[in-house]
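As written in Swiss-Prot, here are the features:
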BINDING   Gly76, Asp97, Lys120, Asn143, Asn177  ATP binding site
BINDING   Cys219, Cys222, Cys296, Cys301  Zn(2+) binding site
ACT_SITE  Cys243  active site, glycyl thioester intermediate
Amino acid sequence: MSHAIDELQAIIAELKVELEEQKTSNRQARSRIDRMSAEVVDSNPYSRLMALQRMNIVKEYERIRDKAVAVVGVGGVGSVTADMLTRCGIGKLILFDYDKVELANMNRLFFTPDQAGLSKVEAAARTLNFINPDVQIETHNYNITTVDNFDRFLATITESGKELGQPVDLVLSCVDNFEARMAINAACNERNLNWFESGVSENAVSGHIQFIRPGDTACFACAPPLVVAENIDEKTLKREGVCAASLPTTMGITAGFLVQNALKYLLNFGEVSDYLGYNALNDFFPRMTLKPNPQCDDRNCLLRQKEFQARPKPIEVKEDVSSSDEPLHATNEWGIELVADDEPVNCPEPAKSSAVVQGLKLAYEAPEKEKVEEENVATVSDETSLEDLMAQMKSM
């Protein structure tokens, strides 16, 4: 009986795939674009992105086509992350997830009800290919925490970059459990790959991203949550009938922070946050840098720490400003002039009632400066001490 049910479920899944393919084929996708252009026309999907060059934010934005990013977990944060990277024109996107789309996922962004039952990576790939056919999308539908699949995951992020045989440029962790985070952490420490860890709290009102550079900053095992440190099984913490809360707003904000910092890292602009948190209750955004733990349990992390400490530190060269005869500003576009401290200040004359519009009268008129000075001089000259007055009275 159970075997027959499994067969029926497999048939239903195949029919859903065929139906999805039929719907996709009816939609007309745009043709591929060989080269990014800054031309401002309605038919150019990259004109707004290339405008970052004209505004001196990014140099050579089209370099993004040479980058490969792996997104692990295509859920509330991961699906939006993949969507943003696709719209930004990333060169290659590698998706990892083994879950299926459910109607319970509809409170999040990206997925649609007609995709229920499809694998998340498959549903995401079809939508993303339609959004931007220029992006090369690769999908992997398996659990990376098993022994065999971990080796497959390790090989993929090491050899499936934009150029085959090269590692990916960045790994983005968008998973919702500590076991998967530890697997990503172990893989990136072993292969010395930079990666971002992200997450949203179970009450859905806070999130964070963390940029991990092996050896330079703390890895996920350097300062693990209590659940990981105590080797507690996460499944035992979940009560029956109780699930984590989820808000598309918090998911979208966290994904936005994640992709924003990923772009800054990939295209070398701005400052990449080592850790950025978000608390929705009071709109609090803490930033910090976590240093690696010299007693970390991950041996590869300890190895990366030694390698980082052995690197020669960059020498800071201070420029000798005094030796330059050229002015600091060759041109003075705004006509700014420096005024000496001892130069008299020209104060504007106070307004008079006669100078205002007819029918209006000033509530207070400042006295003329000459009269004020004369009154002050007269007051000073009339002042006599008490001793002098008593001496004058005695002499009378």
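Just so you know, glycine gets a Cβ as well, placed from its N, Cα and C.
Location within the structure of each feature annotated in Swiss-Prot.
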residue: Gly76; record: ATP binding site; Cβ within 10 Å: 26
residue: Asp97; record: ATP binding site; Cβ within 10 Å: 27
residue: Lys120; record: ATP binding site; Cβ within 10 Å: 27
residue: Asn143; record: ATP binding site; Cβ within 10 Å: 16
residue: Asn177; record: ATP binding site; Cβ within 10 Å: 14
residue: Cys219; record: Zn(2+) binding site; Cβ within 10 Å: 31
residue: Cys222; record: Zn(2+) binding site; Cβ within 10 Å: 21
residue: Cys243; record: active site, glycyl thioester intermediate; Cβ within 10 Å: 9
residue: Cys296; record: Zn(2+) binding site; Cβ within 10 Å: 20
residue: Cys301; record: Zn(2+) binding site; Cβ within 10 Å: 25
From recorded positions Gly76, Asp97, Asn143, Asn177, Cys243, the one whose Cα lies nearest Cys219 (Zn(2+) binding site):
Asn177
Given the recorded positions Gly76, Asp97, Lys120, Asn177, Cys243, which one's Cα is the least distant from that of Cys301 (Zn(2+) binding site)?
Asn177
Rank aside, I only need the closest one: which of the recorded positions Cys222, Cys243, Cys296 has its C-alpha nearest to that of Asn177 (ATP binding site)?
Cys243
Just to verify a number: CA distance, Cys222 (Zn(2+) binding site) to Lys120 (ATP binding site), in angstrom, no decimals.
31
Cα-Cα distance linking Asn143 (ATP binding site) and Cys296 (Zn(2+) binding site), given in Å to the nearest integer:
25
May I ask you to report the DSSP-based helix, strand or coil state of Cys296 (Zn(2+) binding site)?
coil
